[in-house]
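Trainee: Feature annotation from TrEMBL assigns domain 'EamA' to 48-172, 190-323. Annotation source TrEMBL lists transmembrane segment at 158-178, 190-209, 221-244, 250-273, 280-299.
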Amino acid sequence: MAGCHPYFNLPDFTQPSPPSTPSSLPSHQRCRPSDVTKGLLVALLGGGLPAGFVGPSRMAYQASHLPSLELLICRCLFHLPIALLLKLRGDPLLGPPDVRGRACLHALFNVLSIGCAYSAVQVVPAGNDATVHKGSSTVCSALLALCLESQRLSGYDWCGLLGSILGLIIIVGPGLGTLQEGTTGLYTDLGYVLTFLGGLALSLGLLVYRSLDFPSCLLTVAFLFGLVGLVGSVPGLFLLQIPVLPNDPLSWSCVGAVGILALVSFVCVSYAVTKAHPALVCVVLHSEVVVALMLQYYVLYETVAPSDIMGAGVVLGSIAIITTQNLSCEREGQVE
């Protein structure tokens, strides 16, 4: 009998089984986005776009000369109510004792990154600040992941990574070649150095966060960011800067917008980096540069050069390459 074992009259499992027909499954169960795709989409929509609204921090500085550390303190205050969620869940505020040190280190790196970015945006154009910050974080994330985690990127990922760096060079290059001399030029140079150091601190923070694995990890690191930021910023504000109490609605509106958007971006980026390579997450976060350039032109009324538009187009093309390459579908039940 064809297809049956001659002695036991059982089906012959040595014969290849007919291919399954995916069309027999419902359309919503046929395929679903992979974890990498989910992470990149969350980083793009929830991390990069809100973070691009760095312009309000400069508007607050222009309106009432709000110091950068005071703006950082206001942002940290938005993170403190997360302690109520941790208490309701019965989780320790500082995380489990065995990972508490790494969680605080992650918060410290993020505070340094944001503090450098807020300080630099007062002397560097908003678009250039976001460009250098995200470019340095991308390069450092790729190098650190390759050296410390032995993670490999595909050819398409490397193409998108190098393309995004090229776009950032196109944006920043002409501006770096025409820096002014004297005190103004010195402050501008210092602003770019702070922006680069902020990107380096961001990449280190993302790498540390990937090593954390415990319940309520995301809520814990968000609360620790606010706590560590307050502990470090309050003394620094009175020692290094002069506190300013905003007395106009525009400044208060800008502070509130920065705090809310930054909290959303922080949570989304922390989630995305657990699903995708840190370098890919940083590349997708380059959408912040495009948003910052738009705000720079339409809201802050600052000049946007043709090279800025060209570089922004290259960055968007690189993001499209990486996102399209990772838009894979997985059949329901397939082992990820």
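Positions of Cβ are set from backbone N, Cα and C atoms, glycine also.
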Trainee: Excluding the flanking five residues on each side, which residues at least 6 beyond the ends of the transmembrane segment (190-209) place their CB within less than 8 Å of a CB in that stretch?
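Mentor: Sequence-distant neighbours of the transmembrane segment (190-209): 102, 105-106, 109-110, 112-117, 119-124, 128-129, 132-138, 140-141, 144-145, 148-149, 176, 221, 269-270, 273-274, 278, 281-282.
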Trainee: Among 221-244, 250-273, 280-299, which stretch has the most Cβ pairs under 8 Å to the transmembrane segment (158-178)?
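Mentor: If we count Cβ pairs closer than 8 Å to the transmembrane segment (158-178), 280-299 scores highest.
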Trainee: Same-chain Cβ contacts of the transmembrane segment (280-299) under 8 Å, 6 or more residues past its ends?
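Mentor: Cβ under 8 Å, 6 or more out: 36, 39-40, 43-44, 47-49, 51-55, 59, 125-127, 129-131, 134-135, 137-138, 141-142, 153, 157, 160-161, 164, 167-168, 171, 202-203, 206, 269, 272-273, 308-309, 312, 315-316, 318-319, 322-323, 326.
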Trainee: When secondary structure is assigned with DSSP, how many helix, strand and coil residues does the domain 'EamA' (48-172) contain?
Mentor: 98 helix, 0 strand, 27 coil
Trainee: Roughly where does the domain 'EamA' (48-172) sit in mean pLDDT, to the nearest integer?
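Mentor: So the average pLDDT across the domain 'EamA' (48-172) works out to 79.
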